[in-house]
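Database features, via TrEMBL:
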type     : residues : note
TRANSMEM : 26-43    : transmembrane segment
TRANSMEM : 85-103   : transmembrane segment
TRANSMEM : 109-125  : transmembrane segment
TRANSMEM : 153-179  : transmembrane segment
TRANSMEM : 188-212  : transmembrane segment
TRANSMEM : 265-285  : transmembrane segment
TRANSMEM : 291-309  : transmembrane segment
TRANSMEM : 316-335  : transmembrane segment
Amino acid sequence: MEYIIIFFFLTFFAFLDINKHIQSKALYFIVIVALILFAGLRYKVGMDYNMYNENFTNLKGESINEQIFSIEALFIILSNLCKDFYILLLFYAIIGIGIKSYVISRMKYPYLCLLLYFGFCFLLYDMGIIRQGAALSICLYSIKYIIKRDLKTFLLLIFFSTIFLHRTSCFFVLAYFLFEKQINRKIFYCLLVVSSIIGFVVSADFLHRILATMPTYFNKFSSTIDTYQQDYVQLGLSQFRKSFLAIFFYECLRHSKQYHGANGLLLNMYILGVCASLIFMRFTTLSSRGTYYYCITEILLFPICIYYMKLKFFRNMTFIILVIYSYLYMCSIIYSDNTYSWFNQKYLPYNSILYK
């Protein structure tokens with residue numbers, strides 16, 4: 001019930017934002033604090049909850065040097081500093097939700113961005129895979145330095161995120177080279193087709209050879225590939241969804257003549273994420289979580305596309321479709337049987353340490 005209530009309020013604020021442009025910073029702050037507390041004070045809720053809880057207990061008294069190859073530095077530090085597990089969760093919620101919300105606050109229609117963030121990202125990454133959720137926040141924040149062409153600060157942020165939050169952050173380095181690059185229509189559609197074809201032939205051996213050239217710190221990637229690869233290749237709903245959205249974003253920004261600057265960078269990032277998702281379709285973790293550093297831009301691109309729609313009717317119709325889409329996506333997460341692995345807890349019923 002709690003998820004539905006939050007979704008309802010975010011939908012209401014998003015509708016007002018699109019039609020009247022809400023200016024209240026105090027309201028936005030209250031919403032963000034509520035989301036942080038909702039995620040940070042949860043009890044036995046969400047993906048990877050059991051694994052993080054066990055790691056938190058086992059890492060007590062361990063040094064960074066002893067455990068850095070199995071888990072990132074910040075989790076080790078917090079496991080030693082925090083008395084209770086919920087304090088660690090709250091700390092990650094502040095980083096993950098707080099920084100994302102700051103970035104979102106500077107976008108077109110921030111409440112619509114928040115609604116999409118809640119439906120597509122919040123539950124999986126900030127109430128589930130919290131280390132990567134925090135890393136996603138740093139990567140989103142670093143986009144401002146891509147636009148400023150401040151390579152030094154950008155690399156420092158990615159290095160920090162890779163060592164302290166989640167090692168997959170290193171792949172975000174490619175985003176720096178996507179600014180002020182325009183892909184013509186023919187090449188764009190060719191990229192989608194070619195990426196799909198490559199996805200049918202890329203093998204685990206090929207990926208292992210690439211990973212063998214990387215430092216020892218990244219050896220964990222190899223075990224992930226072996227654990228989650230599929231014996232067959234199948235274009236799933238996720239790949240079709242991402243490909244369709246890439247086409248939608250591309251054509252919208254081209255039609256509105258907004259395929260440049262920051263908007264163009266976000267679009268190029270999404271295109272790269274979709275192509276990578278197609279190429280690695282056999283490897284479920286790479287195709288989904290591994291590419292989300294780029295595909296997360298969908299929560300920013302939708303409001304941009306709506307903002308530049310000239311007719312209010314089309315803006316509101318698109319908004320309704322997005323609300324339904326976000327709601328169904330949220331429901332697919334909270335109503336799923338999330339106990340297929342000992343790592344996970346269900347999302348329902350929601351429980352909090354405040355309920356005790």
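Just so it is clear, glycine is given a Cβ too, placed from its N, Cα and C backbone atoms.
Where the annotation comes from TrEMBL, it is an automatic prediction and has not been curated.
Note that the structure is predicted; figures quoted are calculated from it, not measured.
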Go through the chain and flag residues at least 6 beyond the ends of the transmembrane segment (26-43) whose CB is under 8 A from any CB in it; none is fine as an answer. 2, 6, 9-10, 13, 86, 89-94, 96-98, 101, 105, 110-111, 114, 118, 122, 126-127, 350-356
Contacting positions for the transmembrane segment (85-103) when only residues 6+ beyond its ends and CB under 8 Å are counted: 28, 32, 35-37, 39-43, 52-53, 56, 75, 78-79, 114, 117, 121-122, 125-126, 130-131, 133-134, 136-138, 140-141, 143, 165, 353
Does the transmembrane segment (316-335) reach the transmembrane segment (109-125) with at least 3 CB pairs under 8 A, where each pair is 6 or more residues apart? yes
Among 109-125, 153-179, 188-212, stretch most in contact with the transmembrane segment (291-309) (C-beta, under 8 angstroms): 109-125
